[in-house]
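**Q** Quick one: structure below, then a few questions.
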Amino acid sequence: MKKRLEIDVELKKNSYPGKFVVIEGIDGAGKTTQVADVSKILSKKYAVYPTKQPTDGPIGKLIRKALSGSVEVPQVAFQYLFSADREAQQGEIIGELKKGKLVLMDRYVWSALAYGILDHGFDEIEKTGKTLSVALSILSTYHQFLMPDTTIYLNVPVDIAVKRLYESKRHATELYKRKEQVEKAKKSYNWVVKTFSEEFTMLDGTLPEDEVTRQIVSYIEPLVKK
């Protein structure tokens, strides 16, 4: 498929001894929880390196402040900040993969794509049929970034995601976590997952936490054993 070929040309595949797995989904899908739970289980048998986006570095901290509303950043600047944060993290990821570790990450390039499309105005560009061209333009920003071996997408309805966010005081005030924004993000993620379906394994994020963890572990473990 042409879309897949263009992705393969632009973005680097993992050729290192370790495996690179990303967990994606809208806010409230359970990504952070699952990275922690899965890492705890798999680290009993394998060398696991859990990490996240935004990072805890200077740029990542600025992004978190902007998302919490404590620092004002123009909406258009978010993608550039996220790109810079991911660029700074590339050496860290590759370094751990060279050691043969399983790098398990909360958010990555596909998240950047979903929110990047959202920032361009998903409904407007969808009406004009330009969504794919905008998507490929965003992905070109990451043309030297290492792509994960697999991406697990936790599928969760907006109402459940928002309920989880309201129950977590840590997330309650973040800009992207307002219901309207979560709804828009869900629409954008749906487009990304459908368009680049070969890149994703979709799991039901509404299942009990331990069952989601079990499914992720059962999916990742054969990959690590290769």
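Every residue, even glycine, has its Cβ placed from backbone N, Cα and C.
Because TrEMBL annotations are produced automatically, they should be read as predictions rather than curated entries.
From TrEMBL, here are the annotated features:
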type	residues	note
BINDING	Gly25, Ile26, Asp27, Gly28, Ala29, Gly30, Lys31, Thr32	ATP binding site
DOMAIN	23-216	domain 'Thymidylate kinase-like'
**Q** What count of other C-beta atoms do you get within 10 angstroms of the C-beta of Ile26 (ATP binding site), across all chains shown?
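**A** Around the Cβ of Ile26 (ATP binding site), 30 other Cβ atoms lie within 10 Å.
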**Q** Give the sequence-ordered list of residues that share a chain with Thr32 (ATP binding site), lie 6 or more positions from it, and have CB atoms under 8 Å from its CB.
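**A** Lys52, Asp106 - these are the non-local Cβ neighbours of Thr32 (ATP binding site), listed in sequence order.
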**Q** I'd like the Cβ neighbour count for Gly30 (ATP binding site), meaning other Cβ atoms within 10 Å of its Cβ, all protein chains included.
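**A** Result for Gly30 (ATP binding site): 22 neighbouring Cβ atoms inside 10 Å.
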**Q** Are there any residues in the same chain, six or more apart in sequence, whose C-beta is under 8 angstroms from the C-beta of Lys31 (ATP binding site), and if so which?
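**A** The answer is Ile23, Glu24, Gly25, Asp106, Arg107, Leu154.
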**Q** Using the CB centroid of Gly25, Ile26, Asp27, Gly28, Ala29, Gly30, Lys31, Thr32 as the ATP site centre, which other residues of the same chain sit with their CB within 8 A?
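**A** For the ATP site the neighbour list reads Leu154, Val156, Ala161, Arg164, Gly205.
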